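In what follows, a structure is listed as structure tokens, so that the remarks can point back to it.
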Amino acid sequence: MEEHSYIQKELDLQNGSLEEDSVVHSVENDSQNMMESLSPKKYSSSLRFKANGDYSGSYLTLSQPVPAKRSPSPLGTSVRSSPSLAKIQGSKQFSYDGTDKNIPMKPPTPLLNTTSSLSGYPLGRADFDHYTGRDSERALRLSEKPPYSKYSSRHKSHDNVYSLGGLEGRKASGSLLAMWNGSSLSDAGPPPISRSGAASMPSSPKQARKMSIQDSLALQPKLTRHKELASENINLRTRKYSSSSLSHMGAYSRSLPRLYRATENQLTPLSLPPRNSLGNSKRTKLGEKDLPHSVIDNDNYLNFSSLSSGALPYKTSASEGNPYVSSTLSVPASPRVARKMLLASTSSCASDDFDQASYVGTNPSHSLLAGESDRVFATRRNFSCGSVEFDEADLESLRQASGTPQPALRERKSSISSISGRDDLMDYHRRQREERLREQEMERLERQRLETILSLCAEYTKPDSRLSTGTTVEDVQKINKELEKLQLSDEESVFEEALMSPDTRYRCHRKDSLPDADLASCGSLSQSSASFFTPRSTRNDELLSDLTRTPPPPSSTFPKASSESSYLSILPKTPEGISEEQRSQELAAMEETRIVILNNLEELKQKIKDINDQMDESFRELDMECALLDGEQKSETTELMKEKEILDHLNRKIAELEKNIVGEKTKEKVKLDAEREKLERLQELYSEQKTQLDNCPESMREQLQQQLKRDADLLDVESKHFEDLEFQQLEHESRLDEEKENLTQQLLREVAEYQRNIVSRKEKISALKKQANHIVQQAQREQDHFVKEKNNLIMMLQREKENLCNLEKKYSSLSGGKGFPVNPNTLKEGYISVNEINEPCGNSTNLSPSTQFPADADAVATEPATAVLASQPQSKEHFRSLEERKKQHKEGLYLSDTLPRKKTTSSISPHFSSATMGRSITPKAHLPLGQSNSCGSVLPPSLAAMAKDSESRRMLRGYNHQQMSEGHRQKSEFYNRTASESNVYLNSFHYPDHSYKDQAFDTLSLDSSDSMETSISACSPDNISSASTSNIARIEEMERLLKQAHAEKTRLLESREREMEAKKRALEEEKRRREILEKRLQEETSQRQKLIEKEVKIRERQRAQARPLTRYLPVRKEDFDLRSHVETAGHNIDTCYHVSITEKTCRGFLIKMGGKIKTWKKRWFVFDRNKRTFSYYADKHETKLKGVIYFQAIEEVYYDHLKNANKSPNPLLTFSVKTHDRIYYMVAPSPEAMRIWMDVIVTGAEGYTHFLL
């Protein structure tokens, strides 16, 4: 609201100030603009290849330059008014003031009037310096940048049309949303404010409607006054709007433009040419019946009226008759083509040229033909400052018309306002964001490539920066590859390079890397740099080819780069009339380069051989590891099978135990059934005798009674025996059940333990299988890596051979058909340090001295002598060295090319640096090459590290002594074979004899894997025969000493191996002894545990047998409370009225079977703990005592489950009281009374005292 009030206040102030002198200022501005338009000016701008979301080709970009005729005559000349641009201090924001001074202008308005030379691209600061004088007043008004500017990096999205300037433009245009919805503004007249610019349909119609209402309210009081001012100025002049008047907002347009009703005061702002130039045949195939009749004219041109925040041009008859206007609507068939056109647009030069072409086209003397118009429009598609871009649906639905009013509404397709759902909107935003990110990446890579090329150009002129050009060239090549991946098609570069002038291209590439202050000097630099910046495809190739002519620093790690650089550096670049001295220098340089290439060849061969050895070693290790894992897996599988067998045995044992117990129970039951049958027979016999006794005569009654008495006694004895047997059978069954339970639990524990062991072994076997698979896969990966590295080395070897062949051809061409000499003295070693070359040459200013090489043989840097020979003057000592070498060559001191090469230095300075097995050796007067790192003559450190690594892995994995000794033997053989196969030549021809004995064996070491014996053994007799006799004697002495050293070394290794073997044997013996002791200890512990468990089980079994089958033991305490004891047992005494219990007594009726005569009679029983008797009476008065049972006679009380009671009134309520003499059968009146009596009587069953412990 504050911002709105500020804008309204400024509008009122300017209206008041401009009303007075509006006519005078408008006349002055018209004349001044005419003069400026007649003066030819070429506006230069800097094009940034900006492919981010700000200028995304997938959005609709509207360009609306409108030609306006000064007179209604068709022959009138269209005068183009140049835009007025103000240079704003502190930023690159320029504004175009396309309005008269009598029309009110608000401060933020220049945001919409800001122009650029190309599709909304910011203009260079130096390109518009000539406008600052006239527009200083306007620059003061524009010095304050709106907070929501399109130049702000935070607000570059499709909603940026609602910046402050956009709000002002919308207020100026009146209620345009009502026009869009179908309403009319005919009563309001033409809009009062005339501005140039473009805006888009807002993303949210609701927000646009809200803002439009505010606009109409804000502009209502001033409508009449503006109408009068507009009518006064309409006859003074009409403005011709430049082609970039709509470029800013058009570049940010994210939807279709707003439509409005064409009134009589409005000119159709924009016309579209046919799509023939784009090659789209759909345009011509579609019938005109697809569009309304009011849209199509005779020339098939589509009149697309657009009014948003821009000015409404005044309609004249001349403008209606001209079907061509200075701006076209380029409608690409897809966002891909739109992006291509946006990237291909170059500079404002093309825009101005096209404006001139449009100007010529409107002139009657320069009318455009059909072919010319196509060419102009095709050019415009690539050079247009603000081309409107539609998608495929809009292209097929559009037609051109001129001179006819457009309908009130127009169907909108594929725009953001036509999106109906949230998912469509999110997809629309996602596509635009991905496009912006991709184009930002293209911009970044392009800028990085250009900056790298410019830095290369800056370093190219410096002689000291030759060493860093190689990596920069690689950076350029890498950036070019990434750009090729991101480029849309080959047509983009064709459009871009074919249509871009060298001057424009240079300024485009230099814009991002130069500061703003340097932009003014781009015009002068463009002429000198036009010849350098050719199109991209040829420009980069020429630049890279020039840069590769400078030799990069050679390195043994990259033999190809070293050899190629040295080969390129020695190519003759002098005219044919060179002197003999220069030719000889070039030939010598070629010889040195040949030595480097030969050394590289030998090194590559050695590396290939080392890789083969590593592959063999990897195979051997894989076999050994797989064999170990296989053996361990087999042992685990065997143990697993054993444990499974033990588990099956335990299961069988459990089944057998169950079966045995069932058999025992069956036997006892059969025995008990036999005793029961016998007892039943005796009872039947006794019953028969009783019946006979009743029927027998008196004479036989006495005899029968005696017999009946004997039978009764026998029956009583048998019944007691049966009861005892039954009791024993029950005890036996309980004991069997207990044993079964204990044994079953033990067996189940063992079963569970073995099952856990089986599961763990299965997991271990699975882990072993996974480990074996992992080892095989790892070995396969290593093998693939070795094969890849070997292939790379073979390719490098082939390149070196090709370089050598090319070098020999060049040497032959320079030397007149002669080949390379075979003199060994001319074949210098490639591993020469820089100070070694600088000392004989006497000049060490350009190159830094190097006194020590790295230890790694693969990383030893080789310095070709060519660069030094070409850049440094030759000294007298060097010429003397050359003369000595020529003399030796004439004397025949040379070897064949197949023999090893030696390193020869000048006789003045024989010192050199050497690296042997990772140790730096100080320069010495004499050092055999057997200890130098030439041609891979020593074991590479990578092989030694590989051997040590494999040995440590074997020791960690616990290999036995045989495997260790075998590994040592193979390693020693591998070392000897590697050293003996290396090519070494003994340098013994140019050194004095007095220094031999002092310094010959300075580098000899027993720890080194290299040996002088193997190095010298490679020398053939031909090598030695050319030396003197003293040299032969020296060599023989050396061989003898080396043999002794080698024997000593072998002896030390053997003694060390024997010591390790003894230690390992002792360790294994100790380990075996400890395992035996641990096993014995475990066995004894398990045996002891078993004995303890067995004793405990025996004691528990005895204690269980001491307890009788009765429920409670007798109680003999004096303070025993019988009533509380019964209640504690769970009985409810109060509800059982058949029994009366006190603390010491229990009374109640029971039915008792007689002893002699088996009759059942009801008796009153009294259990008295004071008298310690269980007596029964005839009635409850306790007067007539019928019998007494003492506590000492009661043995046990139990329920009559065998139904032994004869003719019991109620067998279910019958229980027995066993004494020493007889068994009393009693029947309780109720079940609760029976349970209470049994618990009471058992407390006095003191006949069980012998079972107590």
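Cβ atoms here come from the backbone N, Cα and C positions, even for glycine.
Of the residues Ser84, Ser212, Ser565, Swiss-Prot records the annotation phosphoserine for Ser212.
Feature annotation (Swiss-Prot): of 1-43, 474-516, 603-645, the stretch labelled region 'Disordered' is 1-43. In Swiss-Prot, the feature phosphoserine is attached to one residue out of Ser334, Ser1230, namely Ser334. When you go through Ser420, Ser719, Ser995 in Swiss-Prot, the residue listed as phosphoserine is Ser420. Listed ranges 187-212, 447-472, 681-706, 863-888; the one Swiss-Prot annotates as region 'Disordered' is 187-212. Per Swiss-Prot, the annotated phosphoserine among residues Ser271, Ser351, Ser584 corresponds to Ser351.
Cross-referencing Thr404, Thr574 with Swiss-Prot, the residue annotated as phosphothreonine turns out to be Thr574. Of all the Cβ atoms in the protein chains shown, 7 others lie within 10 Å of the Cβ of Ser420 (phosphoserine). Averaged over the domain 'PH' (1143-1246), the predicted model reaches a pLDDT of 93. In this structure, Ser420 (phosphoserine) belongs to neither helix nor strand by DSSP; it is coil. DSSP labels the residues of the domain 'PH' (1143-1246) in these numbers: 19 helix, 46 strand, 39 coil.
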